[in-house]
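What follows is one structure encoded as structure tokens, with my remarks underneath.
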Amino acid sequence: MQKMAELLGLRDECGEGTLGAPALAGSCLADNRLNLDVYPDGCRRFLQLFKEQQGELVQVEFLRLSSNDCLLDTTLGSLPHLKHLKSLVLKGGHARDEFGSYQHGSLTSLPPDFGSLRCLTHLDLSFNRLSTLPSCILHLPSLRVLLVSHNSLVTLPEDFGCLSKLTYFSAMKNQLKDLPQSIGELSVLQDLDLSENALELLPEEVGNLHNCTELDLSGNRLLSIPDSLANLKSLRRLHLHSNLLVTVPASLASLPNLSRLDLQNNCLRAIPAEIQALPFVRVRGNPLGETEPSPQAGLKSLHNVINSCMSSGSFTVTPEGCRVVLACGIHFYFPPGAASAPLRIHCRSLTPDPQWVKLRHHDVLLSRVLELQPHGIQFQQEVQIWMPFISPQTPHHHEVVVRTFSGQSWNDLKTRVKQKRKSKKCVAHCCVLHFSWFLVVSRLVQNECKVPAEGTLLFSSVDPNIKVIFPPGVTQEPRSVKLQVLPVSAEEIQEITAHAECRASPLLYLSQDSTVDFLKPVRIQLPLPPGVTGLNLDRSRLHILHGDLEGQTWNDITSEVVLEFTHLYAVFEVTHFSWYWLWYTTKTYIGGIAKKVYERLRLYQVNFIALQRKRDPEQVLLQCVPKHKVDPVLKKLQDRYRGPEPSDMVEMFEGEQFFAAFERGISIDMDRPDCVDGRLSFIFYSHLKNMKEIYVTSPVDRKGQAVKGQVSFYRGAVPDSIPEDASRRRKGPDSLWLATLPIKLPQLKPRWDENPSPLYGFSFPPLNLGNAETGYLTQANLLSIARRVGADWQSIGLNLGLTYQQIERIGYNNREDLNKQILDMLFSWAQQNSEDPDCVSKLITALKESGRQDIADEVEAIVELGRQKYSESIRRLGLEQESSTEDSAIAMI
């Protein structure tokens with residue numbers, strides 16, 4: 001062990017003995033165990049050992065290496081020499097990207113002679129990039145435990161069942177679509193985890209796993225499960241939640257050892273009475289409204305419901321109370337008695353519009369807007385809401401809150417932030433007595449207090465050195481005071497001002513709920529700027545700046561206040577509240593410098609990307625991405641999209657509008673609601689996606705040649721809270737242009753939609769899906785949708801409710817023509833559901849669940865446009881009813 005510890009670099013630089021040898025050597029090498037995944041250069045250390053101490057190394061039985069190591073491929077060739085190896089861990093996830101997410105390892109295969117490890121019983125290849133299971137694994141005769149979770153496996157080998165000694169197999173978080181029939185030959189398998197894959201069917205042979213005690217099939221696309229599962233007499237836990245199950249076999253109730261059956265978040269319309277009678281069954285999250293629950297099911301009056309298919313829709317709340325979970329991740333809890341009578345709740349998710357979503361200084365928007373109706377309804381007890389949000393890398397001076405609109409203004413609610421145990425996603429929790437509009441923001445940490453006539457003390461939790469002292473008699477009536485602090489580093493000041501001697505204290509913002517000034521001066525204590533003390537203070541360089549509420553003007557009030565100094569602090573008195581900033585500089589016009597710094601602190605550096613879908617170049621993805629996120633975003637999109645390099649860096653404000661214009665022979669649908677004067681409108685929010693996928697066309701004849709066009713980005717309106725100077729500098733013909741990126745449409749091949757008969761031989765009567773009030777989809781709209789569906793038609797069809805057999809029949813009948821398959825599926829479904837008032841909503845949901853958010857967005861845009869036209873026609877005819885108070889609030893928004 002001493003020799004190997006030395007080779008592992010555990011000696012100190014002077015060579016006078018091991019540096020913490022017992023602890024460090026034990027952490028990497030203990031008896032016949034070698035743990036090298038704790039070192040960033042573990043593979044280098046292994047290769048060094050293999051070269052210099054091969055005789056000892058080949059005796060190792062337990063080995064751990066990180067597959068994030070750059071020398072992994074070189075190391076793999078040496079592993080077959082470890083003939084005594086029993087356990088091998090080659091996991092990724094030992095490195096994180098800039099967002100804190102685990103990075104997958106680089107492992108894509110194993111060397112062929114890896115199968116010579118006759119003693120290997122445990123193999124962990126999780127968090128890697130395997131697309132197929134290496135064939136050499138099937139030649140490991142002693143293998144009992146195999147983990148390949150968090151890879152990219154699409155299928156398993158047909159002879160997978162030859163691993164006859166396998167007792168534990170985990171392939172969670174892959175892309176498996178089916179299972180080989182030979183899986184039933186794993187006669188001693190006890191634990192099988194296939195969760196979070198894409199399984200649609202299970203082979204009957206799964207019922208041959210007679211020793212299986214736990215089976216996890218959650219998070220797949222299963223429409224049904226075979227009756228043969230009732231043969232798993234050893235089964236104790238069966239996880240089937242988050243699938244597309246419509247029913248389950250009643251025979252599952254006969255399993256003698258079953259102690260947990262999870263059926264949550266499926267599409268179960270009815271559950272056999274035998275299953276409902278099981279005391280351990282979990283069925284929350286299924287649309288069970290069509291059947292009355294069995295009295296034997298032990299269900300409490302507090303029941304559970306879910307809107308499992310839509311991110312907008314409606315549900316009913318009864319006086320008994322309920323829990324509601326929307327597919328978008330929003331949770332509600334209505335306690336018993338919250339509603340005095342059955343109440344229908346309508347909810348929808350809205351894109352934030354800066355015209356009515358007014359962000360305050362240094363706020364960051366973290367979610368879309370949630371609208372809950374009826375507006376203003378008063379509940380008898382508080383309703384709890386959990387809203388998921390995009391978790392920012394929040395600095396210590398920011399906090400996350402839920403903000404709600406009262407009909408007059410936006411107010412922040414008392415909020416608690418929680419992190420889900422499994423998904424690690426963050427949710428913001430609040431309690432309300434009424435429904436309105438809600439969103440999640442990150443704001444400067446806010447400290448507040450009630451100031452009585454006797455006076456009080458308020459200090460900042462961000463910087464306790466910042467204090468506000470209210471003397472006795474400062475007010476006649478109690479008033480509420482709020483304090484926020486924005487720390488500004490010396491590096492930021494120097495970078496923006498280009499002046500090394502400019503320094504500033506944290507920026508202090510004070511506000512109150514009264515318009516009357518205080519009766520007595522309020523005493524404020526601020527820390528001196530970094531590097532400045534009472535001993536080296538030059539008073540001629542110190543300036544107290546007062547900023548207005550919008551930060552548009554910064555006035556030097558040093559001569560207007562009495563400044564007192566201690567060794568660390570400056571103290572002064574004021575009678576009204578706003579922004580206060582303490583600066584130390586030799587510059588004379590400090591107000592202009594402070595204004596420039598304050599403006600820059602609110603700017604984000606961003607890049608634009610324009611990518612075309614590889615399978616369909618006419619589908620274009622546009623996105624505005626903060627500079628530090630560009631590389632991860634491109635990495636995620638590179639498998640499906642191609643395009644030019646991102647644009648040069650530009651600067652934008654939170655909530656700033658910009659436009660995308662397609663030029664030089666490329667055009668888009670001008671009827672889109674987000675199209676203004678032929679340009680697509682965007683609003684930049686630093687933590688939202690700022691992304692749109694659109695379908696472009698060209699008036700140019702592309703049959704003979706490709707079209708080389710471009711998309712240009714232009715500035716729009718800046719938020720109202722931006723200083724006038726900053727807004728003024730962005731006006732004019734030259735300052736509006738931001739960036740231009742090339743777009744190329746390939747030479748056009750004959751398309752099915754150019755056929756004189758657009759339905760390609762299919763005959764259907766005219767279709768109008770939906771209704772005038774909610775918006776129509778016409779036959780022409782469906783044809784436009786069909787053009788973009790492509791190879792995703794089967795997934796969309798299944799999510800629309802077509803059976804697997806129907807999908808197979810459509811595919812077979814039109815097996816030589818993809819376009820006919822798409823038309824047959826879409827129009828057959830439309831014909832069958834034309835009388836369903838919710839059919840348009842179902843189509844939108846199916847598109848989203850199939851990964852076609854781009855088409856879903858366009859359908860929503862078409863429907864919204866129809867609703868607007870309907871409302872306008874009603875208004876013109878004078879048929880609109882008198883607006884209630886809450887309607888006025890909506891109109892104002």
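Positions of Cβ are set from backbone N, Cα and C atoms, glycine also.
Nobody curates TrEMBL annotations by hand; they come from automatic prediction.
Per TrEMBL, the features are:
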DOMAIN    311-444  domain 'ZU5'
ACT_SITE  HIS434  active site
ACT_SITE  SER436  active site
DOMAIN    445-586  domain 'ZU5'
ACT_SITE  HIS576  active site
ACT_SITE  SER578  active site
DOMAIN    778-863  domain 'Death'
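The Cβ of HIS576 (active site) lies under 8 Å from the Cβ of ASP517, PHE518, each of which sits 6+ residues away along the same chain. HIS434 (active site): 15 other CB atoms within 10 A of its CB, across all protein chains. Note: the Cα of HIS434 (active site) and the Cα of SER578 (active site) are spaced 32 Å from each other. Taking Cβ-Cβ distances under 8 Å and a sequence separation of 6 or more, the neighbours of SER436 (active site) in its chain are GLU371, LEU372, HIS375, GLY376, THR404, PHE405, SER406, GLY407. In terms of DSSP helix, strand and coil, the domain 'ZU5' (445-586) has 14 helix, 59 strand, 69 coil. Every protein chain considered, the tally of other Cβ atoms within 10 Å of the Cβ of SER578 (active site) stands at 14. Sorting each residue of the domain 'Death' (778-863) by its DSSP state yields 68 helix, 1 strand, 17 coil. Confidence in the domain 'ZU5' (311-444), given as mean pLDDT, stands at 84.
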